[in-house]
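Input: a single structure, listed below in C-alpha cells.
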Amino acid sequence: MSTLNSPRELLLPFRHSCQQQGKTKTVVQEPSDSIFPLRFEDNKVFINCKAKGNPAPYYKWKVDGREIDMDLNYNLVEGNLLINNPHATHHGGVYQCIATNTFGTIISREAKVQFAYLQNFSRKPRNTVSVREGQAVVLLCGPPPHNGEIKYSWVFNGRPSFLLLDKRRFVSQRTGNLYIAKVEASDVGNYTCVVRNMMTNATVYSSPTPVELRRDAVMAEYEPKIEVQFPESLHVTKGSSVKLECFALGNPVPAITWRRTDGNPLPGKMKINHSNGVLEIPYFRPEDAGAYECVAENSRGKNIAKGQLIFQSMIAHNIYKLTIANLQWECRASGKPKPVYRWLKNGEPLVLEDRILLEGGRLAISRINLLDSGMYQCLAENEHGAIYASAELKVVASAPDFSKSLVKKSMLIQRGGEVIMECRPHASPRASISWRRGGEFLKDSRRRTIMEDGTLRITNISKSDGGRYTCVARNPFGTSSSTGTLVVKEPTKITVPPLSVDATVGQSIVLPCEVSRDSSLDPTFKWFFNGKLIDFNKQDHFEMIGGESAGDLMVRNIQLKHSGKYVCMVHTVVDSVSAAADLIVRGPPGAPEGLMVGEITDSSAQLSWGSGPDNHSPVTTYSIQARTPFSIGWQAVRTVPDSVPGQMFHATVIDLNPWVDYEFRVVAINNVGVGEPSMQSKQIRTKAAVPEVAPGNVSGGGGSRGELVIQWEPIPEELQNGEEFGYIVAFRSLGTTTWKQTVLPSPDASRYTFRNDSIPPLSQFEVKVGVYNNEGEGPSSHVVVVYSAEEVLARTLSASEIEVYWEPIPQTASSGKIIGYEVLCWEEGVQESDAEMVKVTDTVALLSGLMGSTLYLISVRAQNSAGAGPSSPAVNVTTKKPPPSQPPGNIEWNLTNSKIFLKWEHVKAMGNESEVTGYKVVYRQNWLGKSSMVETNRTSVELQVPSGEDYLIEIKVLSGGGDGSSSGPIRIPKMSSKRLLFLSFTIHRMNFWILQVVCLIAYFLFIYHKCDIDVA
C-alpha cells in the first residue's frame, strides 16, 4: 500500500514548502518588479532568484513565456539572472524563474522588468502666451516620452535656479504644468520646463514659452477655480506613501486648506508643502483611509474638491494540513478582490483526471501512485498580484536502506564551524533515527541536535568532536546503519582582504588577498569580476601574484571597462571564504550627445547638447570647437559664458566671422582629462555683415612712365563678411585735398594702376584702400605715401654686358639734391637683397662681367644726402648667347711682295651660341709692335703690309654675343726682295713637332730660306 511519506503542508507565501526528508525545494528569494536605468555604472541588470533543495536545484528563466537561451547578454549567477548591456526593446518584459532537481520543478512569481529613460523635448519654438494682469495662466510642459520616476521644475528667463513656488505659483508633479493663479507684471518673460528622470539623473529642457502682458485691460476679481485636484477615489496599499495635489486659480490669490470630511483630525504624520498645494501621507495605515477635502477660498468665494482614500489590503493566507490515505491539500488566501486559484505540478498546469479534483483552493488526489510524486504549487492571484505556495509529494514503502545514501565516510570541518551529518536512508514508512559515537548513543545537548529528519547537527566544533559517528535507522521492516568519520581542521581566514579603491585610467593597482589556514590544507585562490571567474590565461590586464598564503590580484593599465566588483574566493577541502571590493575607474568623459545648433546671427550661434557618460569623474567644463573651410582642423572658440560649467548643456558661441560655413563639436573635461569630442553638428552659415577688416600692407611704386601703381594684401575670403565683395581705391597728390577713387568689384584684386602721362616720375601720392560688400562699406586702410613710376631702360650689348639708362629725377623741395644713382642687378631667382650694385653719378651705367643667356632684373634708385630712395620697378633683360667657342681653323696664308693673303674655314655656332656675324683679323709687327685690325664678313682677307718684317696675325670670330675664340698668333717671317720665291704654307691643327719636320723639308727645298713659325 502506498503512503504519503511526508507531512502534506501548503504554506503561503511561496518561500515556505512541504519537506520530504529534507530534499524538497523552496524559493527563498524571488524576482520582483523593477525599473532599471538604461545607462548606469556597470551596465548590468541583476534579477534575483534563489531556491533551496537537495540535490541543489538547477535554474532556467522565461521572459514573456519564452525560455531564455543563455548567451552574451544573459548569464546565470547561481540562480540569479544577469543581463549584460541591457536594451529596453530586447530585454524588457515579464520574467519568471524555474528551479528543478530530481524531485521536481517549481516556478517563481512573475516579475515585470522595465527600463527608465527620458527623451529630448522637441526643438520646435513654442507660441507666445498673451495674458492680462490679474488673469490666471496655465503653461503646459508637454513632457517628452519617458519611463521611471520624473520630477518637474521650471526655469524663468534662463536663470540658473529653478522657479520658486508659492501661494501664487504651482507645478503639478502629475502633468508638469505650471499654474499661476494671478499674473503680475513681474511674470513677463520666458518659461522653460525642466524634466529630470530620478533614476537615470538625465535632465532635458523644453523650448522657452514666452509670456507677454496684454495692455488692453486688467482682469477683475473672481472666485477660486480649482484647476488641479486629486481623484474622487484612490486605492492605497499598506505602508505606501500617497500625495494629493490641489491648486486653484483666482483673483485675489486663493488660500488652500485641507480637512477630513468625517471631522477627524488630519494624521499627525501628514506633510503639507508647496504652500498647501500638496498633501502627503507617508506610511499609509487603515486608519488613514476616508474622505478628504481641499478648500480654495478668497474674498470672492470658495470652491471645494473631494476625494476618497480606500485602504487596499494585501493577500492574506492560512495554512491547512491533512494526512490521510487519499491526499487532500487545501490552499487558502484572502484579499480584495477575492483571489482565484490555480495548481501547478513541476512548473506546469496540473492535468485533471477522474481521481484528481480541484475545488477553489482545495486539491484532492485519490488512489495515490508513484506517478503522483513531484513538486506541487498553489497559485493565488487577483488584480493586485499573485503568490505561490509549494509542497513535495513522494510515495515509497521499504526497510531502511543506506545503499544509495551512505553517511559521508570522511567529513572535514573547520574548528568553530558547524557540521550537518545527514542520515537519509530509503525507508517506508519513515524510519526512526538515532546516532552513536563509538559505542555511546548521542542525545540532544547545547551543541548537538538530532533533527526531525534524522540529521545530526553539531555547532561550534572543537578538536574533541573528531571521531567516528554512526547513524542507526529502524522501521517495522528492519534496521540498518552507516558510519562516517569527522576530522576537525583549523579554519581558513582572510587576514588581508581587498579594499575598495578608486583608480584612474592607465594606472596599475594590486588588490590584496592573504589568508591564515590549517598547515595541512592547501588553499586555492580564485578571483571573480562582476560575477565571472577571471581566466588569467586569457586576460592581458590581470595577473595573480603572491606566495602560498596570498593570491593578490594585479590589474595593469586599468581601463574603464574594469570598473566593478572583485571577489577573492579561497577554497580548501574544508571550507571556503571570500572577500569583495569595488573598483571604481575614473577616466576622461565620454562624448557629449545630441549636439544641436539654434539661433544664428552674423557673429554668434546658440548650441545645446546632452551629457555623455562622466566615467566616474563629474564633468567640470565643456569646451566648444569649430571648423571652417579656411581653418586648419578644429579650433577652440569663445563662448558665453566664457567657461561652460559641467552642469550646463547650452552655450552661445561668439566672435564668429559673418558669412562663413561652420561646423561645431563639444568636448567634455573632467579632473582626469579631456574626453572624446561629440559628433560634429550639421554645417551652418552665419549671416552676412558689413566688412570689418581693412586691407593691409598698402604700398606701391614702380610701373611705366606716367603710372601710379597701388598694391595691397587682399582680404581673405573668411573676412569678407558677405557677397559682392570688392575694394575702393582712393588717392590724391601729396598736398592736395580732393580724393580720386575707383571701385574694383573683384575680391581677388590686389593691384591698381592709374595712368596719366602728365605725372612726373617719382611724384608722391597719398593712398588708401577700403572694402565693401552687399551689406555696405567697411573701413579703409591707413593713408600711405606712394611714388609714381620712374622710367628705366636697358639693352643688352653682348653676352656679358648690359647698358642701363634713365631720365634724371627733377630736383624738387621734397627730393632734395640728387648726388648719384645706385643700379641694382640680380639674376632671376635671386633675392633683390643679394643684388650686385653699381654706383654712378650720370644717368647711364654699363654692367659687365655678366653670364650669357641669363635673365637679369635691373632697378635704379636715386640717392641724396639722406640716403637712397625707393627702387624703380625691376626691368627684365636677358643677355645674348655666348660667342662661338670654336676658333677659326684650316688657316692658309700666302706672302708675296707686300701682301699677305689669309683664308680660313667658316666657323659654325652651336645651338646655345650666338650666330657668327663676321671675323676680326688683328696683325702687328713682331710681339711688341702696334696692332692693326680688319673686320670682314668673309672667310678671307688681303693685308697690305711693308716687306722686310716678321708679322704676328690673329683671327677672331665676331658675333652678337661678342668676340669669340681666337685662332692664336700666327708668325709670318719676313722675305728678301731679291728672291721672288713664293712660300705657301697651310697651317693645320698640328702639334709643334710636326711643324718642325715641315720646316726642315722647306729648308732643303728653298735652300738657305729660313722657316721660323711660332704657334701659340
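Including glycine, each Cβ sits where the backbone N, Cα and C put it.
Quantities reported herein were computed from a predicted structural model and do not represent experimental measurements.
Among the features that TrEMBL reports, domain 'Ig-like' is placed at 31-114 (among others). Here the domain 'Ig-like' (31-114) returns a mean pLDDT of 85 for the predicted model.
What TrEMBL lists as domain 'Ig-like' is 119-205 (among others).
According to TrEMBL, the domain 'Ig-like' annotation covers 224-305 (among others).
Taken from TrEMBL, the feature domain 'Ig-like' covers 331-394 (among others).
The feature domain 'Ig-like' is assigned by TrEMBL to 400-487 (among others).
According to TrEMBL, the feature domain 'Ig-like' maps to 491-578 (among others).
Sequence annotations record features per position, and here TrEMBL assigns domain 'Fibronectin type-III' to 591-689 (among others).
Among the features that TrEMBL reports, domain 'Fibronectin type-III' is placed at 788-882 (among others).
Under the heading region 'Disordered', TrEMBL lists 867-890. Long-range neighbours of the region 'Disordered' (867-890) within the same chain, counting only residues 6 or more positions beyond its ends whose Cβ lies under 8 Å from a Cβ of the stretch, are 701-704, 709, 762, 787, 789-796, 798-802, 804, 806, 815, 822, 824, 828, 832, 850-861, 904-905, 907-910, 912-914, 916, 919, 939, 955-968, 986, 988-989.
If you look up TrEMBL, you'll see 883-978 (among others) marked as domain 'Fibronectin type-III'. Across the domain 'Fibronectin type-III' (883-978), DSSP classifies residues as 0 helix, 48 strand, 48 coil.
Per TrEMBL, transmembrane segment is recorded for 990-1008.
Segment contact is absent for the domain 'Ig-like' (31-114) and the domain 'Ig-like' (400-487), given fewer than three CB pairs below 8 angstroms at sequence separation of 6 or more. Most Cβ pairs under 8 A with the domain 'Ig-like' (491-578) among the ranges 119-205, 224-305, 591-689 are made by 591-689. Secondary structure by DSSP for the domain 'Ig-like' (224-305): 3 helix, 46 strand, 33 coil.
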